[in-house]
Each structure stands twice: as C-alpha cells, then as structure tokens.
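A single structure is presented below for examination.
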C-alpha cells in the first residue's frame, strides 16, 4: 500500500508506533518521524489523535490485542488443554526467535514504570498467567500448583525472549532445536 496516496487510518498510525517501539522503545514514538516514515503529514496524525500520549495509549491497546488476545484466541481453537499448552509454548518460543521478532515485548518490559505502560503491562501479564494457569488446572493441577507452573511458563517465555535478543548464540538456533527446547519445557511444566 502506498501510504502517500492512501488516506491513513488510526490503525496505520498505531502499527507504525508499535514498529517504532519495537525498534527504539517508547522514546522512538515521535509524530514527525512517524509521519515521514508513513509518507504523511502531521495533520494526518492530528486527524486521528489529540497528542502523542493518545497514540501511545492506542498502540498499547493494539499490542495487548495482537500479542495476547489474538494468541489466546488461536490457542483456544485446540481441542484439549494439553494441545493448547503445546501450541502456546511452541508459538511463544517461535515468536521470540523468529527473524521478524519485533522487540515490542522487550521494549514494554524496559519501560514497565512508564505511567501508560505500567497498567497495560500488569494487565497483560496477569491475563497471560491466569490463562496459562487455567490450562494447567484443566490438566488436573490444584489452583496453587497451576498458578506456580503458569508463572514458570511466562518467566521462561520472557527469559528466552531476552536471551534471544541480548545473546542470540545462547538459544537454540535451528527449527528442530527450538522444537526440542519447547518440548522439553512442556514436559517440565506438565510433569506430575
């Protein structure tokens, strides 16, 4: 799509803001550089958003939708809890090591104390932990054990993502190696 000849939507701006966050953190969300990147004017931005804070809030909402809600929807299509756990773990491990990994997750964590990011990150983290705990409960674990394993699963995901970004040579490189890693993680998390 040629942005210069097409009217931009608020969604175009939030996508560009998320891309900027993934590349350079929250500080990279600036109206003029985003407008230049989109081939638009600042007027186009102000048609959709009152200010930078409004764009950041919309981008955070989109991140929550795309990186949590959409993943849960995908996982829920599986027929049973074990299949959902397997798909969840393999999907999130693949997302952290993919050539197109966007860095947004790490940028959110790096700005966890920002007044716009903090409540969204807390809500997303709690939703991820609660959802994953529910899957472990479906396997027959007590609520306490399920929550503990969910915390381990989310921690493993975040830690793996950090390693893949900061020290990529330390994580499994090939598809088969990542699958093996994911399968071992699943076995550890679901062991009785």
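A Cβ is built for glycine as well, from the same backbone N, Cα and C atoms used for every other residue.
TrEMBL labels come from automatic prediction, so no person has curated them.
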Looking at 10-29, 30-49, which one is DNA-binding region according to TrEMBL?
30-49
DSSP helix, strand and coil counts for the domain 'HTH tetR-type' (7-67)?
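So the domain 'HTH tetR-type' (7-67) is made up of 49 helix, 0 strand, 12 coil.
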Please work out the mean pLDDT for the residues of the DNA-binding region (30-49).
94
